[in-house]
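Notes follow the structure.
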């Protein structure tokens, strides 16, 4: 080829000329060209990305080791550069691994694992190292002390940009006060213009990792920012899972087929995929057979008195077995055949085998393979008119006197599958055309894939349209195909072995199709570690001083074979600024997403929710809502679909978007009922305030005008407010608390009266003596519009102090 | 008619009702007939329109209701004191006076509010506001015609002849027309005229003298006093009443309130309305017949006409026919448009023809 190409035209040596310009691209050049994709497009952003990569690694490492993370971040100005230090209390990295982890791009443990983790690609931290060395010329300084070792190992290393291998500049033992962990120090050209994003990143990391303790020092802070942990509970450990059959692509499948040690497809499926057992493997294989081999069409056997005589045909085909055995065999086959509704050739072969075994047992005659084959051929010919010597006979002439037995069968199916308005002649023409085409199929077993069948029916339909001017529309054709396909039988052939599938792209594609069309359980979710509803809320509670918190964790769902879980949380009110739009916190596998908010699927979902329904202000009825609220969304998955390598924004995957919406709505419903309640309580308070002022004045005025003394208006007030009123009446030695419920619901109250002298004769309730004070307690249920009297007796004077629980203070009027 | 002490007692009784409601632990409230177009009914006995059975309740249950009742309590006190001291004040004075009350919540936010409240009190107590000594701001009608009356003024009795003792402006009736007494008259009929210009034209042309007519100047939408004097002229002097107004929907309402009573004061219809009063014109029919200069109907005119078609007071064959005709021709004309046929046309031709047709002359 090369020599041919190089002689094109008159110019010589173009390929050589081109070849001179072709060389390996160094990793440094690649990085330089693609640093925006990796999040290092500016000094400001580079610093945030470096912190993010280091902290993500630290969190992954500590969690994996079952250690509560304790992470220290420090940024210092050093001359023209910034020095970044990240320390963690993780398990440390062995001396052997350490240079590669930090000094080689695309080296990592995560890329091939189906497990939820922050890092996925093995680019992040080494990209930060490379960025630092390219901008400042300084090596990365790394200290690591594996758990249980008395001393730590100190490295200085740079990445050899030609070979993508670490180059160790210093390697020495050192002491470190942390018992175990890793410390990385990078110097880089940077600036602090992205301080807000940095703070957001650290704060949001704290929100979504309530089990982590974080500390941030940077030049702009007088005091270090400290985020304490809200729980001592580590996230559930995640398990690595095998791929799900619905989530692999053809290339990956071929690779797996090549690599597997399994011999059979069934073993391969069960061994390499999650959620595939014997039964599922069998269904996949059945589907695979249908795609790969096609099905065998099945036909009705002749009924009694039909001139197609299976018994005679079989008897004729058998020679030298004696009359008795021959008759038993022939009649046995004929009877079994006539008992079945429809038969494929493979089924017929099975019947023949069975009968042969039985007759052999009864008569002692041997029915060998050839005899059986002849019998099958003969019987099949009797049933379908196909195969054997008849193939080249004159019977098959299209206008021949003898009609193929297939036609009647096909006629019944076509007639059944098409609308009743179809002309009988057209149906017959179609049946005949189909029968002819079936007879022309390779072999005499009538094997066809679904595709073949569709083609065949379409062909027959166009023939009928041409010859008989009768149209079989698309729906009619589909129905006919379905009628034949559903009555066709999956072939009993063994599927090809794994090796041969691996060697054939078409076969592998057939297997993939079979896997995709089989119903298979969703992947297990123990590979995911959701934050959980409680901790989503606890995280928000820790970092936002709000009046209300809600959270929701959805059940796991699947996108492209990868399981995922969506969680949402909402904080509202309190110290959250009320101006402008709500704060949206986005997380993927517990990593905050700081950049590209507008390109993120989460943002799209939030914008499309009608927030007015949930009590938030939303100008124009769409877009980000306004108000003092924080909405946090966490997507955990074994494979989070990002829009780019820098992992800033979630891609718009419909399954994930749906779940995000459901999770957010779930939390928002709680917000709505909180806001409704608060609004109604506020209105009630306002009403109470105003009426509490107006009605006494009105009472004063009417008593003035009428010249009577001021009336008691508490009863009227309680009634107006639909309140529960508690009023004390003391007569001689009897104390009565009258509880009236003016509200429209039944109230379950807890009333405690603290009395300074000993109460006796309680009307139910309990009394506890507490150092000379008596606590009398009742828990009455007062139906709407009803009242209860709670009484006790005292000896002489006493002081009282009543407290009422079980009802909001706004709904309570106490006069006791 | 109630006396002053009766009026005072009624007010105190209302306050006592509120007091008792408080004392019983109940929510203070007062119940009034619903004052809307849909709740006025024709009273066959008196031939006027009064409130139907539907009621609305002003209750202290809500902030709005409580404020209304507080204002009512303050107003009751004020009116009771005013009656004690035998003084009077205008509705507008009540509105401003509320500013002096010690309670911000009790102050009226608009004059409509204080007017409505006084009407509420009239209805609940069954006492007219004249008997509360409340006067409206606008003055009542002027009369011109052969009528001798005696008026009880604060400065003593006066006998006045409404043609001979008055200037061109006529006799100005007092706010409470029950303070005058009819002594003698030579009236054949009374003509209630909407506009000042037309009234002056009739007087200048000597229509009152020539036809022994009492010309009542309505001054637009007639004040209560005007409607009351009209009713008294009809009832006590036994003369027919004719209403002469513009040919537009607003003027039909003027006729309606003279003849049938207004929605807002339907509780006083028996006391104010003159169901026998007849409409002279300008009728839509006249616009066509006399080919009067006209203006096209505006949207609000059309709406008003359509709303009149649904008004129970206008559901008579005569009015339906006239209003539908007007909607059909889409025109309206003023009284003064008759001047297009000359200044004397109205007194020489139009009125004699119309009054003759109506059987008044």
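Every residue gets a Cβ built from N, Cα and C, even glycine.
Pulled from TrEMBL, these are the features on record:
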type	residues	note
ACT_SITE	B:96	active site, O-(5'-phospho-DNA)-tyrosine intermediate
BINDING	B:194, B:246	Mg(2+) binding site
DOMAIN	B:67-133	domain 'Spo11/DNA topoisomerase VI subunit A N-terminal'
DOMAIN	B:137-186	domain 'Type II DNA topoisomerase VI subunit A all-beta'
DOMAIN	B:189-355	domain 'Topoisomerase 6 subunit A/Spo11 TOPRIM'
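Neighbour density at the Cβ, taken as the number of other Cβ atoms within 10 Å, is lowest among the binding-site residues B:194, B:246 for B:246. Break the domain 'Spo11/DNA topoisomerase VI subunit A N-terminal' (B:67-133) down by DSSP state and the numbers are 46 helix, 2 strand, 19 coil. For residue B:194 (Mg(2+) binding site) paired with residue B:96 (active site, O-(5'-phospho-DNA)-tyrosine intermediate), the C-alpha to C-alpha distance reads 31 Å. A separation of roughly 35 Å, to the nearest angstrom, links the Cα atoms of residue B:246 (Mg(2+) binding site) and residue B:96 (active site, O-(5'-phospho-DNA)-tyrosine intermediate). Secondary structure from DSSP puts residue B:246 (Mg(2+) binding site) in coil. Under DSSP, residues within the domain 'Type II DNA topoisomerase VI subunit A all-beta' (B:137-186) fall into helix, strand and coil as 3 helix, 24 strand, 23 coil.
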